Amino acid sequence: MKKRIFIGSSSEQLTILNEIVDLLGDDVECIPWTDAFALNKSGLDSLIKQTRLADYSILIATKDDLTKQRGESLTKPRDNVVFEFGLFLGAAGPEKCYLIAEEDTDLPTDLDGITVAKFTRNSGQYNSLDKIVESIRTHLVKIAEMSQLGLLPSTALAIGYYNSFIKRVCEEIHGSECVELEGKKIKVKSFRVDVVIPETLDDNGVGNFTTLYNKRYGLSKATTCTNPALLGTRGFPFHFKVDPPDANQESPVDIHLLDIPSTLSTIVESLKLYLPSNQVGQDFDMDYLEMRELENFAKVLKYLIGRNAATKGYVNVLTNVKL
């Protein structure tokens with residue numbers, strides 16, 4: 001999925017904006033400010049919506065206005081560029097919001113002490129526009145593999161799901177070498193876990209998908225084994241199948257656990273609050289946010305799985321799964 005980048009500038013600098021769009025190429029989806037304002041909406045409403053939809057932003061500060069300050073003539077960027085930088089910076093954080101300034105542009109003193117990329121219009125220089133944009137591209141690639149806590153919940157959901165379920169289930173099976181099916185303990189020779197991430201979420205989250213998926217693949221419900229001698233212990237429920245299906249369950253068997261994280265349903269409710277709509281029909285912005293959250297959930301989960309010996313090599317994450 002391509003990342004979205006909002007690009008803002010003054011109306012006089014559309015040539016530079018379009019050059020940046022060309023330099024970024026087809027690896028990302030650029031949203032110039034000229035395409036960001038919806039009809040019958042205020043400019044502020046449209047900008048706030050873009051802070052929620054864009055993964056990154058680039059604001060271009062150029063020498064647009066000549067002002068006098070304490071008797072000194074200064075060349076300053078347009079006010080809207082400074083405002084939009086603050087808006088996106090507050091929404092996404094400094095790792096995802098870039099201000100690039102033309103050389104000798106007088107910036108607000110609030111930015112003193114912050115490294116701002118300053119470009120020249122002269123090609124061939126160390127800080128020519130193409131080199132500045134390339135440095136941003138490099139940084140985007142670097143942070144693309146990382147996840148951050150944001151206004152939407154996928155990172156926190158993945159951490160909670162891993163710690164409270166995936167890791168615990170693996171630790172329990174490693175320790176007890178058994179599972180419980182209808183009160184009967186089945187010895188486990190080996191196991192693997194597939195976490196199933198649906199391609200899309202419906203209005204019921206993953207509830208209906210889970211029911212149909214388990215039915216289609218003939219999965220049985222079981223739990224991890226409990227120790228009656230230990231008060232307060234409980235079995236962790238999951239769906240599984242025996243490989244092969246006709247294996248003698250009186251002997252240790254290979255089991256295949258499959259789980260569709262019910263916590264993904266939280267994403268649906270969060271998106272309704274995050275980007276409310278009073279229309280019926282397909283909402284491409286909502287679809288994009290949903291895809292972004294599912295992708296991020298899977299990315300965080302894979303990272304956590306790979307860092308623990310109890311889960312690494314035992315748990316796979318299946319993405320974009322269809323019925």
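Residue numbering: from 1, along the chain as shown.
Yeah, the Cβs are placed from backbone N, Cα and C, and that goes for glycine too.
Other Cβ atoms within 10 Å of the Cβ of Glu84 (active site) number 24 in total over all chains. DSSP assigns Glu84 (active site) to a helix. Annotation source Swiss-Prot lists active site at Glu84.
The Cβ of Thr263 (3',3'-c-di-GMP binding site) lies under 8 Å from the Cβ of Leu157, Gly160, Tyr161, each of which sits 6+ residues away along the same chain. Mapped onto three states, the DSSP output places Thr263 (3',3'-c-di-GMP binding site) in helix. Under the heading 3',3'-c-di-GMP binding site, Swiss-Prot lists Ser164, Phe165, Arg234, Pro237, Asp259, Ser262, Thr263, citing experimental evidence as support.
With DSSP classes pooled into helix, strand and coil, the tally for the domain 'TIR' (4-120) is 48 helix, 36 strand, 33 coil. The domain 'TIR' feature in Swiss-Prot is assigned to 4-120; the stated evidence is sequence analysis.
Annotated region 'STING domain' per Swiss-Prot: 154-323, in sequence order.
Comparing the binding-site residues Ser164, Phe165 by how many other C-beta atoms lie within 10 angstroms of each C-beta, the top residue is Phe165.
On a Cα basis, Glu84 (active site) lies 41 Å away from Phe165 (3',3'-c-di-GMP binding site). A gap of 43 Å separates the Cα atoms of Asp259 (3',3'-c-di-GMP binding site) and Glu84 (active site). Every protein chain shown contributes to the tally, and the Cβ of Ser262 (3',3'-c-di-GMP binding site) ends up with 13 other Cβ atoms within 10 Å. The shortest Cα-Cα distance from Glu84 (active site) to any of the binding-site residues (Ser164, Pro237, Ser262) is found for Ser262.
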